[in-house]
Amino acid sequence: MLITSKNVTLKNNITRHFIGSPGISMMLRALLLTSLLSWANGQEGLTMLPEEKSKIRDQIVEMFDHAYGSYMKYAYPADELMPLSCRGRVRGLEPNRGDIDDSLGKFSLTLVDTLDTLVVLNKLDEFEDAVRRTLRDVRLDNDVVVSVFETNIRVLGGLLGAHVMADMLRQRGERMQWYRDELLHMAKELGHRLLPAFNTSSGLPYPRVNLRYGVLNPLSRTGTESDTCTACAGTMILEFAALSRLSGEAVFEEHARKALDVLWEKRQRGSDLVGTVINIHNGDWVRRDSGVGAGIDSYYEYLMKAYILLGDNVYLERFNTHYSAIMKYISQPPLLLNVHMHNPTVSVRSWMDSLLAFFPGLQVLRGDLKPAIETHEMLYQVTKQHKFLPEAFTTEFRVHWGQHPLRPEFAESTYYLYKATGDPYYLRVGQSIVEKLNAHARVPCGFAAVQDVRTGTHEDRMDSFFLAEMFKYLYLLFSEKNQLHFDIDDYIFTTEAHLLPVSLSTSQPPCRGNNTEAPTAVEEDLFTYSCPSTQTLFPNNPSFAKTIRDSYKYLTGVGRAFHASPDRGIELPLHDHGMEPVEFLRSMGISLTPLNEAGATETHGAHEGVYRVKLVAEVTQTPEEEVVPLIVQLISPPYLGRMVLTAGPAKFGMDLIKQEHGVKGSIVKTSPYTACGPIENAQELSGHIALALRGDCMFAAKARRLQEAGAIGVIFIDHREGSNSAETPLFQMVGDGGSTADITIPLVFLFSQEGALLTSALEDHSNVDVLMLPKERQLDKADKPLGKMNIKFRLAEEGELEEGEARGPTLKFVLEKGEVVLEEEEYRQQGDSCLTPGGDVLCSYGQTAASPPSHSPNDPNTDPGSQDSRIEGLKPFSCISPDSGTLDVQCSNWDPYETDVTFLTGVDTNIHPMLYSLSGILGNTFIAQK
């Protein structure tokens with residue numbers, strides 16, 4: 001049964017959004033409540049009584065008072081609170097943190113961002129006082145460069161949400177009778193100060209703008225940027241459209257819609273995916289990896305919510321197109337892995353970032369509950385393992401980046417899932433969030449971000465979104481509708497959890513201007529306006545969410561009771577003189593026992609030359625903690641980005657991973673070269689990246705001297721002659737044992753050979769500009785995926801090795817290093833790797849090895865004696881040598897995260913069928929020879 005919502009009043013609540021008739025809605029709600037209550041009788045551990053919910057809700061209010069009170073006491077009117085220092089963070093007075101500081105505009109950011117949270121938590125006196133403070137103290141004409149994206153969602157959204165709340169209270173006649181739309185006037189002023197960012201040839205906004213001088217003004221100190229992230233350009237429509245419809249000025253919605261139109265037009269038409277970073281002048285993609293996390297996340301969110309807020313079907317059609325592509329390529333339940341937008345069957349990295357935690361909530365709005373429950377449960381298991389969601393974690397749920405800046409996305413999805421299912425399990429999840437915040441993030445002056453979830457160390461920051469979002473979602477999770485001061489279902493949440501009324505869909509949209517482009521005819525499809533019926537999917541099973549969750553209960557291994565596996569093995573026929581395979585298998589940790597030593601209980605008896613594999617091997621090459629590689633890319637002529645040097649990071653100084661565009665500058669050689677004494681060329685170094693030699697003193701001492709000399713970054717070069725990144729593992733530079741918080745410039749390390757290339761370039765050219773950034777953000781390059789090597793052997797079935805059949809030829813296993821073939825190299829490698837010495841082509845493009853000479857039983861030219869020597873499941877290239885009988889996948893290019901490559905060799909040569917499965921092999925070649 002499909003219940004359409006195309007002509008229904010749009011609501012944020014999933015039930016109201018997808019069910020049109022009030023009678024049907026009431027009936028279904030009653031049925032759902034009855035079913036859940038009956039189910040809950042047998043679920044004592046999950047059920048939460050109203051008294052307990054009320055107690056947790058009061059605890060959330062107390063936590064908010066502690067955080068907000070600390071900001072007002074120690075930090076206001078500064079933008080943010082530094083909870084460890086118990087003082088405010090004022091831009092320009094504290095060490096620069098790079099892109100993170102672009103959200104600070106000297107406009108009391110935390111106060112403005114928190115305004116409508118006060119109303120949600122029923123703190124109406126505090127709200128009225130905070131509005132008066134905002135009108136009295138906050139100024140928007142500051143000479144400061146800010147992020148267009150952050151200022152829009154936090155400040156403009158905060159002003160609009162506060163205006164909507166103030167107007168609601170005023171219309172009720174209870175409070176705010178003095179209010180005359182002052183917050184809306186401030187929002188309109190801010191909107192006009194952001195508009196210069198849209199002055200580009202494409203319509204995509206600049207990433208930064210000066211609040212006083214705009215962009216490209218000689219005094220603006222911005223306007224030189226050439227690219228922006230997809231989310232940065234695509235997360236404007238809710239705030240700008242609301243501003244247009246509340247103020248009557250169409251210009252804001254027009255610009256935001258134009259930016260969305262450009263992103264839609266620039267999507268990859270084959271996959272319907274978008275990249276992460278785009279050029280704002282010509283619309284070319286700079287980073288082509290596609291996912292649902294950082295850099296893209298809120299673009300998808302705003303397409304769906306723009307439909308709900310504004311009622312324009314175009315947004316829903318675009319969202320559904322993207323969503324289908326996401327579920328086809330990016331979703332690998334319960335994982336969500338980035339792929340290449342032009343080659344979406346290949347994952348580009350083996351880790352996920354915490355911002356994707358919003359996506360289950362978006363799936364709830366979409367009505368797709370099953371994958372939402374799956375991904376949310378995976379995230380919950382990660383929080384159980386690490387206390388919080390680390391900023392990034394691997395597919396094996398290890399920490400990739402250890403920071404946790406108190407992000408609210410997981411709490412947001414928990415709230416949406418509870419609203420959709422009514423399952424008390426999600427109340428327990430919310431309770432765990434509250435408990436962990438109090439236990440591990442609370443400090444005397446507020447709540448502090450976690451610098452590393454592995455150690456529990458704190459960072460001196462409390463971002464405004466913690467007050468704007470976290471407490472809002474947690475409070476609503478434990479509140480009944482009659483406990484709120486207004487009907488929350490009459491509003492939609494922005495990405496910063498600010499409240500905008502869905503009644504704006506009835507407002508007159510601004511004039512579109514002269515649009516001469518004919519609209520694309522789209523066939524009416526009621527399915528895209530509908531959501532699945534849970535009663536149809538899960539008949540008579542109100543605990544359907546639990547049924548889904550149970551599959552992922554022990555995903556990370558936390559809470560699982562481990563039991564010893566029975567001693568099983570397979571029998572592998574080998575010649576007495578062929579010991580190389582034995583040593584090879586033993587080197588991988590596989591225990592081999594000759595059958596004549598296996599004991600009298602063996603059913604096969606003693607077989608000379610036959611070994612039993614006692615352990616099913618799983619060889620893993622994934623380190624516990626990876627060093628994230630950085631690069632130094634030469635971007636000035638004549639190199640223009642073609643010379644890229646692998647660099648190691650530092651555990652102190654600016655975190656380049658958090659810098660969206662990296663750090664760019666000209667390099668200057670330090671004098672003295674070791675930087676262990678007074679810097680002699682400080683004037684020359686000022687404003688440039690310093691080049692210094694390792695040795696004679698600590699990295700931190702060098703960095704301090706060079707920072708004091710005015711350097712904007714440092715590249716250290718190894719003093720050990722001949723060292724290089726190809727042969728020497730990267731490492732992280734460490735400090736001097738004391739505090740290194742005063743060092744704020746970026747630091748990287750080059751081995752000797754890479755450093756020689758850089759110094760040679762400096763000797764040949766008087767000016768060399770470089771870009772320091774994480775390797776994954778290398779300009780115009782797709783990152784090669786990093787995976788694990790994992791070899792598994794299937795246990796032989798009973799009877800597969802019969803008496804006297806152990807004297808077949810030797811199996812020889814060869815494991816070699818190779819490289820994953822990138823998309824643009826496939827055709828060249830096909831020609832290079834798949835030719836015999838005589839020039840015959842042995843490779844085919846497709847899902848299986850169907851190339852001539854074929855080994856398919858359906859091929860009339862096939863040799864019947866070799867029909868069982870074949871490779872199954874390879875994609876897109878496979879090679880078979882019919883002369884030598886070698887099964888060679890050296891020219892194969894398969895998805896290293898999905899595909900199991902199956903080798904089936906031999907019944908015609910007395911080698912009994914042995915099945916070998918290579919799961920997730922990356923950068924290796926496996927050859928089985930007769």
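Glycine residues also receive a Cβ, built from the backbone N, Cα and C atoms like all the rest.
Predicted, not measured: the structure shown is a model, and the values here were computed from it.
Its Cβ placed at the centre, E150 (active site, proton donor) has 23 other Cβ atoms within 10 Å. When secondary structure is read from DSSP and collapsed to three states, E150 (active site, proton donor) falls in the helix class. Per TrEMBL, active site, proton donor is recorded for E150 (among others).
Annotation source TrEMBL lists active site at D297 (among others). In the three-state DSSP reading, D297 (active site) counts as helix. Non-local contacts of D297 (active site) by the CB criterion (under 8 A, 6+ apart in sequence, same chain) comprise A231, L355, L356, F358, F359, T495.
Here TrEMBL flags E391 (among others) as active site, proton donor. A coil conformation is recorded for E391 (active site, proton donor) in the three-state DSSP classification, outside any helix or strand.
TrEMBL lists E409 (among others) with the feature active site. Under the three-state DSSP scheme, E409 (active site) falls in the helix class. The Cβ neighbour count for E409 (active site), using a 10 Å radius and every protein chain shown, is 24.
Annotation comment: TrEMBL describes T495 as Ca(2+) binding site. Following the DSSP three-state reduction, the secondary structure of T495 (Ca(2+) binding site) is coil.
Mean model confidence for the domain 'PA' (663-757) is a pLDDT of 89. TrEMBL lists 663-757 with the feature domain 'PA'.
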To see if you understand the setup: which same-chain residues, six or more apart in sequence, place their Cβ under 8 Å from that of E391 (active site, proton donor)?
D353, S354, H400, W401, G402, Q403, H404, P405
Checked against DSSP, the composition of the domain 'PA' (663-757) is 20 helix, 22 strand, 53 coil
Between E409 (active site) and E150 (active site, proton donor): CA-CA distance (Å)
16
Other CB atoms, at most 10 A from the CB of T495 (Ca(2+) binding site)
25
